[in-house]
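Trainee: According to TrEMBL, the feature signal peptide maps to 1-30. Taken from TrEMBL, the feature domain 'GH10' covers 29-342. According to TrEMBL, the active site, nucleophile annotation covers 264. Taken from TrEMBL, the feature region 'Disordered' covers 342-369. For 350-368, the entry in TrEMBL reads compositional bias 'Pro residues'. What TrEMBL records for 364-474 is domain 'CBM2'.
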Ligand code: G3I
């Protein structure tokens, strides 16, 4: 049996996801079934890395709608969490965990013991072996304890191998020997017995010297009874170079009695992208999804950032990029539809919503005045995201709607909308339904949203009216 993808009731998750969909999806793909819903139906999770500065606006909207797992991109790493010895900075990671909880997503903790992104007090501390051991155990214990019950999978040890399959010569191995790995896993298990504990590495997707080293380690840990639940395969690929034996390699690890997961998937290319490269990239994403889906113990796939605007690739590999499923304008690429298709979705871009009113709309609008509006806003210094829900509180179904309202003060300019067309004339806003959400049954609601720039002030607007009739506002 494939492991249940997401903790808690799958039905509740699906319902919650469905509730979120209409609020947050950009109109270009609003009619698609979200990847998370498709993934859950297949028994896996579909995750993304996310950073603290992506928790508002369009990135938050897409992440919360399309993905059911979040890996903090940097915020749980040692330099972020414990910048000063014994003093913890949980804020950024806590924010991501809160975002995940608010959107019914699970969290992959990344990471506890790694050679990189360590604070300078640790790397230049000249500690004795015993001191370093105790520092490591305390850090693992404190961090896992802080997130106990909130993190489903932990990357306890990250990137412990060299390319030739020997242990990486880093702070941990050089002073503590390979036993640091078992010690870290054991401390993590003691701190949260329910968290799934992983070793995570890159260039281990195919069968090669490095993955053989990892395989032998996992086999040995299992034989010794060291707590290890899974192996993460980062999967930072180069265009056209997904190893043909990825699935077989995942399976050989699974046969050791551990779960496996694709934890940091991206497929980079020389930029600029073109249609040929994007199609190859889509094929690469398809291959990875099918490799995971083909292994019963592969529990999920995480992309390392879902959009090209914030991907780590261009700054690390100059001249390369375009590695993720969404482009720099947050529009889905062929790779997005490849993932969707591999998960059982239709895998094709939706047709553009018509600009003229749908033919199903009645020639005379239904009576207004029976509506309740909820206006929610996430605001930052120069911009905001508004999410608006309209409830039909009347006794007749609505078929086709126009919501109007007025800006109270300040200057606001709409930059993007989803699930409605939103226009502005002076201080007057007008939102009209799209082809697929014109109907609101009695007692039902529909939601849409928009991004806008603002200056001066940005108070809650006034005078909401649906099809000409005033609405209550909360
Ligand atoms: O926060 C500072 C900011 O104050 C400063 O202005 C800016 C200038 O460069 O740097 C910012 O820090 C950057 C940090 O990401 C946060 O954005 C670092 O320079 C940058 O090196 C760091 O890169 C991260 C990288 O790990 C570090 O190794 C990437 O975001 C992150 O995606 C990447 O993730 C790793 C996984 O953890 C492990 N597997 C490989 C993967 C990709 O490298």
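Backbone N, Cα and C atoms are what each Cβ position is placed from, and that goes for glycine too.
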Trainee: On the 0 to 100 pLDDT scale, where does the domain 'CBM2' (364-474) sit on average?
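Mentor: Its mean pLDDT is 80.
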Trainee: 10 Å Cβ neighbour count around the residue listed as 'active site, nucleophile'?
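Mentor: For the residue listed as 'active site, nucleophile', the 10 Å Cβ neighbour count is 25.
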Trainee: Helix, strand, coil residue numbers for the domain 'CBM2' (364-474) per DSSP?
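Mentor: The breakdown for the domain 'CBM2' (364-474) reads 0 helix, 66 strand, 45 coil.
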